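Trainee: Below is the structure I would like to discuss, written out as structure tokens.
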Amino acid sequence: MQSSLLGRMTGVTGSRSKRHTKFRLRRLQQPPTESTTRLASPDDAQPIEETKSQEHLEQSATQGLSEASGDNNAGGAHPTPAPNEGDAPTVAELQHGSNDRVDDGTSGSGTVSGWKLAAVLIGLSLAVFCMSLDSTVLSTAIPKITAEFNSLHDMAWYVSAYNLTISSFSLVYGKIYSLYRVKWVYLTTLFLFEAGSLVCGAAPSSLALIIGRAIAGVGGAGVFLGSMLIVHEIMPLHQVPLFIALISGLYGIASVVGPLLGGVFTDYVSWRWCFYINLPIGGLTAFIIVLFVRPRVREKATVKKTPWAQLLDLDPLGIILILPAVMCMLLVLQWGGAKYAWSNWRIIVLLVMAGSLALTFTAVQLWQGERATIPPRIVRNRSVWGAIAFSVCIYGSFTVFTYYLPIWFQAIKSVSATRSGVMNLPMILGVVVCSMLSGWGVSRVGYYVPFMYMAPVVGSIGAGLLTTLHVFSGPAAWITYQLLLGVGIGSGMALPLVAVQTALPTDDVSTGSAIITFTQSLSGALFNFVAQSVFQSRLVHNLNAALPGVDTARVADVSPREIRNAIEPEYLPQTLEAYSLAITQVFYAGTALCTLALFGVLPIKCLSVKGSRIPPMAHA
């Protein structure tokens, strides 16, 4: 009887011990609180470390399991084998769920390696190159297109329809990519880009060509952003900067190759091949992505929702507001002072609409919170708004010099548009090579902030030297100055995306990347307009000062190549001096922007890409 009673008492004790252990394990599986986890400030959105209380709870749980096992054995139960060290759940696993390990920065569920990784990177690079090529390839083909369609009045829309939709849809895709699997969204946008290219190539009229360009722009915005996000998912974090640098370099190459390739197609085949060339390349990229990329399941997509709830998650009100706001602003920048006077009612209406829609969009984003296209907490992250400021300044400066250095060569050195592009190669090559080197350096060292400081320091020296160009400047001067500028800008151009992808939780990377790409494209359009306004005003002023009593209006209105035909030979030296001075005065704006980029680096946190990735929803 005593033996039986002792056995029942031991069984009760073992049951209580197991129930107590399960209770403690349930406590560990609950979301972390202030007593278990210390979080960084909201602007960092990054977990720091687990406290000693977590270690104590984990040890208690393990001890409880041992006690329960011992009690069961005492009661005559079968012994429970001790778990292997590798099988024991960590605190991070207990907090996030046993099937949701925190990414250690070296691998992920979709990691690709070896020749498969090389194939994916080549496919993505080709797609991005085609997308960026479409921005410049028509510059030499437009005369042939307008002659075929008899559509000189539509000439500006062949370029604008593409650029407008790319800029407008960048933020929209940031939201879509954050909610759905990157692989399938990317393939959809690639299909849109290819469909738009097909429409352009087969266009029977000018209107069809414009529509095709708009469709291609809608897809192109998603292709660029999606390429960055696929790389973020399939590669270790410390290798991502190298590919992002490659993409930035491809943009520089496309700006030079585009006009040359467009001229070759137009002269020897047909202008339609400017678009048909995208079809086989896009098909190859799609085949590679389908075959080798495994999409990561996003945490936000794991919760089953009704179709109405899914629609609300897309922030339809924000999308309805931001698309026309961006389009109105870009039309103002394109038409103001060029096609229409600033006092024209069309420009005034567009300005009012752009401002009103932008203010309403901001209010909606604050009201929507986590459902917003741009959640306010992401913008409050100091690394994000620092990267935004840096991008605006660096891309604005790059735009100024990219557009106006060729004009200086054409006007002052009397070379063709093609030749001026070749003479602009020192800056472009400097950007491409140093962009790659900085990406490699970040991958090796781990820290991107030092390279970002290098951009405004070296770049502003080269930009400042370019303001000293004059009519008699030789190749030694303009080649050296361009190289310095290219080295500076290239060393930091790709790194705002790296900073954002490192500083944000995984599920916020798409939104953060979209914000950066949007500000880059918008700053390019904005400062191109600023440069144009400075150039036109200073050119008229300089010509009037150099040639008093001479009608200088016709000189100010002609293309750079036609200056020598628009003025009498005896006035040509003064005219060239005035023209050169006006362009170098534009370079002052580019120099100021490059210098101001330094202040964008200051708030960016000096994190390492070799550290752990921030787990999804670490900001909660």
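Glycine is treated like the rest: Cβ placed from N, Cα and C.
According to Swiss-Prot, the protein has these features:
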type	residues	note
COMPBIAS	30-39	compositional bias 'Polar residues'
COMPBIAS	49-58	compositional bias 'Basic and acidic residues'
COMPBIAS	59-72	compositional bias 'Polar residues'
REGION	1-107	region 'Disordered'
TRANSMEM	117-137	transmembrane segment
TRANSMEM	157-179	transmembrane segment
TRANSMEM	191-211	transmembrane segment
TRANSMEM	215-235	transmembrane segment
TRANSMEM	242-262	transmembrane segment
TRANSMEM	273-293	transmembrane segment
TRANSMEM	317-337	transmembrane segment
TRANSMEM	347-367	transmembrane segment
TRANSMEM	388-408	transmembrane segment
TRANSMEM	422-442	transmembrane segment
TRANSMEM	445-465	transmembrane segment
TRANSMEM	581-601	transmembrane segment
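For each listed feature, how buried is it and what is near it?
Mentor: Listed by sequence, the residues of this chain that lie at least six past the ends of the transmembrane segment (117-137) yet keep a Cβ under 8 A from its Cβ atoms are 159, 162-163, 190, 193, 197, 216, 220, 223-224, 227, 230-231, 234-235, 243, 246-247, 250-251, 253-255, 257-259, 261-262, 265, 274-275, 277-278, 281-282, 284-285, 287-289, 292-293.
Same-chain neighbours of the transmembrane segment (191-211): 127, 130-131, 134, 145, 149, 151, 154, 157-158, 161, 217-220, 222-223, 272-276, 278-279, 282-283, 286, counting only residues six or more beyond its ends whose CB sits under 8 Å from a CB of the stretch.
Residues 108, 110-112, 117, 120-121, 124-125, 127-128, 131-132, 134, 161-170, 172-174, 176-177, 182-183, 185-186, 188-197, 199-200, 243-244, 247, 275, 289, 293, 295-296, 497, 501, 509-510, 513-514, 517 of the same chain lie 6 or more positions beyond the ends of the transmembrane segment (215-235) yet place their CB under 8 Å from a CB of it.
Sequence-remote contacts of a segment are chain residues at least 6 beyond its ends whose Cβ falls under 8 Å from one of its Cβ atoms, and for the transmembrane segment (242-262) they are 121, 124-125, 128-129, 132-133, 135-141, 224, 227-228, 231, 235, 271, 274, 402, 417-418, 421, 424-425, 428, 431-433, 435-440, 442-443, 490, 493-495, 497-498.
Outside the transmembrane segment (273-293), and at least 6 residues removed from its termini, the chain residues within Cβ reach (under 8 Å) are 110, 112, 116, 119-120, 122-124, 126-127, 130, 134, 137-138, 141, 183, 186-187, 190-191, 193-194, 197-198, 200-201, 212, 216, 230, 233-234, 261-262, 265-266.
Residues 315, 317-318, 321-322, 324-325, 328-329, 331-332, 335-336, 340-341, 373-376 of the same chain lie 6+ residues outside the transmembrane segment (347-367) yet bring a C-beta within less than 8 angstroms of a C-beta in it.
Tertiary neighbourhood of the transmembrane segment (422-442): same-chain residues 241-246, 248-249, 252-253, 255-256, 398, 401-402, 405-406, 409, 413, 415, 448, 451, 454, 478-479, 482-495, 498, 609, selected by CB-CB distance under 8 Å and a gap of 6+ residues from either end.
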Trainee: With a Cβ cut-off under 8 Å, give me the same-chain residues at least six positions beyond the ends of the transmembrane segment (581-601) that come close to it.
Mentor: 386-394, 396-397, 400-401, 404, 407-408, 411-412, 449, 452-453, 455-457, 459-460, 463-464, 466-470, 485, 488-489, 492, 527, 530-531, 534-535, 538-539, 542
Trainee: Same chain only, please: residues at least 6 beyond the ends of the transmembrane segment (445-465) with a C-beta under 8 Å from a C-beta of the stretch. Say none if there are none.
Mentor: 238, 241, 390, 393-394, 397, 401, 438, 477, 480-493, 495-496, 498-499, 502, 587, 590-591, 594-598, 601, 604-611
Trainee: Restricting to the same chain and to residues at least six past its boundaries, which positions have a Cβ under 8 Å from a Cβ of the transmembrane segment (388-408)?
Mentor: 255, 379, 417, 420-421, 423-424, 427, 431, 452, 455-456, 459, 463, 466, 469, 482, 485, 489, 492-493, 495-496, 515-516, 519-520, 523-524, 526-528, 530-531, 535, 560, 580, 583-584, 586-587, 589-591, 593-594, 596-597, 599-601, 604
